[in-house]
Amino acid sequence: MNCDTVHQLLKIQEDKEIIALVGNPNVGKSVIFNKLTGKYVDVSNFPGTTVDVNYGYYKDYIIVDTPGVYGISSFSEDEIVTRDIVMSTDRIINVVDSVHLDRDLFLTQQLIDYQKEIIVVLNMVDEVEKNSIKIDVEKLKQYLGVEIITTSASRGIGMDKLKEAIDKNLFKKGNSTPNLDKLLESEGKKTCCEDLAEAENIFDTSISDLQEKIYALRRKYIDEIYSKVEKYDSKHLAFQNKLSQILINPLTGVPFLAAMLYIMYYFLGVLVAQKLVDFTMNKVMGEYYFGFVEKVIKGAVSSVFLQKLLVGSYGILSMFPIIFFGLLLPLVVAFHFFMSILEDSGYLPRIATLVDRSLNKIGLNGRSIIPIILGFGCVTMATMTTRILNSKRERLITIFLLGLTIPCSAQLGIISGLISKLGFWYLVAYVLIIGFIFGTVGKVLSKILKGESTSLFIDLPALRIPQLSNILKKTYYKSKGFLVEAFPIFIVATLLLGFLDATSLLKIIEDFTQPVVTGFLKLPKQMTEVFILSIIRRDYGAAGLVTIPTTKNQMFVTLVTTTLFVPCVTSFALITKENGLKYSLFVWISSAAIALLVGGILAHIIIV
Amino acid sequence: MTLDMVPKGQEVVIKSIKNKNAKIYALRFGISEGSKVKCIGKIKNGPVILRKNHQEIAIGQGFAKEIEVEIHK
């Protein structure tokens, strides 16, 4: 195969040569990519986040950053992406985590067996020293037969040497696994890319005996090399190992997780959603900004209809900027800041291990907790990360639960803010109700959907203290992405609502939905607006809540109902794209039904 | 015995991995039949946490039941 295929895959027009960055998850590929091309990409410390493929330019080359994989095969969508890029390019920079040499060299040797021209980057050499590990790089170079560059990319160490190696074109084909040719010959195959690909089943998820034999041969060879090139003193890992065990052991891990969630609630719900937002939304936007704009518009525009559209209760210059910049912006930034710390520390896969047993009961394994936690950031984004799950069945259950029970970042902030005003027992009741629905619906889905769930098999990366610069960068890019995506939808939603309000259509809709909203849910009729907004964006709906006067119990019913209410327009679109219209309509209609049913029952119990 | 029965702190040698998926995942993570690993954590009726060199892996109970091991002396 030639390079044209990668150009086509990634829709790259230029005829520059391509170098693919390939390596296991969390080895620092994205940091190296960033240092080479000067372009930022998401850097994270848990398996499976780099789903999109980024590319950038280094001199006359196009550098392609591939999703992290443990081997070239088809076990997940990430692997398929990396497999396709590897199979259609010849030059590869293989990034290896020096601390996990024995694991990472499997992929290295596999790339060598495919006769790719590679340069191996031994990254994170500073951690090797810290952990008292000694690697004989010269010996490793001889065994593999390729150029090896040692780096600590996050500190910029060794990047010059890597650039020099690229400039001098030190890409080489290495030494194939001994006896691999004999094994292939005995099965009547040649030692070439195509035959090996077929023997290893890389285009297929089924597993053959020959594939097992090749894997075992390669593993044995790598273990041999490893035992000759690396020496370490196990005492030096003691502290990190102890901490890791504390996080996984239910006796200590569950209280730690609860404490972490409480800190998150306090940070988002109390500090940001109440104290900071009180200043940004009420003071800065509500008082100074709105006071100014209202005066200017009322002086310049005489039409009452236009005035209403611009600075009325749903005005494009009033409600929209006040909520968007005063309320959502601080919440979204705060959430992503917190989430970036969690991701980069390596804690997420440990949570997955801790909750595996509980999730087994609803047909999932611990891995599903990763998209669920990410769902608190943005359900749409989390729906995309369900690609890391191994079976279709697990994906369908997780996506449904995400759409139904998980509030996204800004919604979570608003809910936390409102609920902390209601009181502690409301918080407990809220968590119990949503948790109960999560468990029950999960159980029902796992009974309905055919097939079996897979067992957990997850890599626990080293625990690290996250770097502030990386967290800030990540917070900036994630918040920006979120807000850029939300901006046009908010404008359209505001215009729609403003139009409905200015033409009195809103009143007609409110009268129409009255039996449900005021009759069944026992809420003020303006709540209809919250539901309309929630369909468009859940967080916008929640934001609308802040302005409607209610009793404590009415507020509680609204919070539960809007949490369970339908996924937003963007989530709906993504679910349709990934799983078809039939499934997304099923999610949408059943979410609405469950939300109204639970809300109604709750209302009849607590609202007199 | 199978992996799910191994007590915490015990070093074992992997004898055979019956589940083909588990076998392929394990090989890529650095664990194969004949590998010496240590059970560093266990959740009751839940995953077993293994370490080989610097690599930590959590294996769900379903897979653990299909992995035959032998106590390393």
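Quick reminder: no glycine exception, Cβ is built from N, Cα and C everywhere.
Just so you know, TrEMBL annotations are computer predictions that nobody has curated.
Note that the coordinates shown come from a computational prediction; the quantities given were computed from them, not determined experimentally.
Copied over from TrEMBL:
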- A:16-172: domain 'FeoB-type G' (DOMAIN)
- A:246-268: transmembrane segment (TRANSMEM)
- A:318-342: transmembrane segment (TRANSMEM)
- A:362-384: transmembrane segment (TRANSMEM)
- A:396-419: transmembrane segment (TRANSMEM)
- A:425-445: transmembrane segment (TRANSMEM)
- A:482-500: transmembrane segment (TRANSMEM)
- A:555-576: transmembrane segment (TRANSMEM)
- A:583-607: transmembrane segment (TRANSMEM)
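For the transmembrane segment (A:362-384), same-chain residues at least 6 beyond its ends with a Cβ under 8 Å from one of its own Cβ atoms are 46, 48, 51, 335-336, 339, 342, 348-349, 351-356, 390, 393-394, 397-399, 401-403, 406-409, 412, 439, 442-443, 445-446, 449, 453-456, 458, 478, 482, 538, 567-568, 570-571, 574-575, 578. The largest share of C-beta pairs under 8 angstroms with the transmembrane segment (A:482-500) comes from A:318-342, of the ranges A:246-268, A:318-342, A:396-419, A:583-607. If you look at the transmembrane segment (A:318-342), the same-chain residues 6 or more away from its ends with a CB under 8 A from one of its CBs are 260, 264, 267-268, 271-273, 276-277, 280-282, 284-286, 289-290, 293-294, 310-312, 348, 373-374, 376-377, 409-410, 412-414, 466, 470-472, 474-475, 478-479, 482-483, 486-487, 490-491, 494, 498, 539-540, 543, 546. Beyond the transmembrane segment (A:396-419), the same-chain residues lying 6 or more positions past its ends with a Cβ under 8 Å from any Cβ of the stretch are 265, 268-270, 272-274, 277, 327-328, 331-332, 334-336, 362-364, 368, 371-372, 375-379, 382-383, 386, 389, 426-427, 430, 434, 437-438, 441-442, 445-446, 449, 482, 538-539, 541-543, 545-546, 555-556, 559, 562-564, 566-568, 571, 575, 578-579, 583, 587-588, 590-591, 594-595. Listed by sequence, the residues of this chain that lie at least six past the ends of the transmembrane segment (A:583-607) yet keep a Cβ under 8 A from its Cβ atoms are 396, 399-400, 403-404, 433, 437, 441, 516, 520-523, 551, 553-554, 556-558, 560-567, 572, 575-576.
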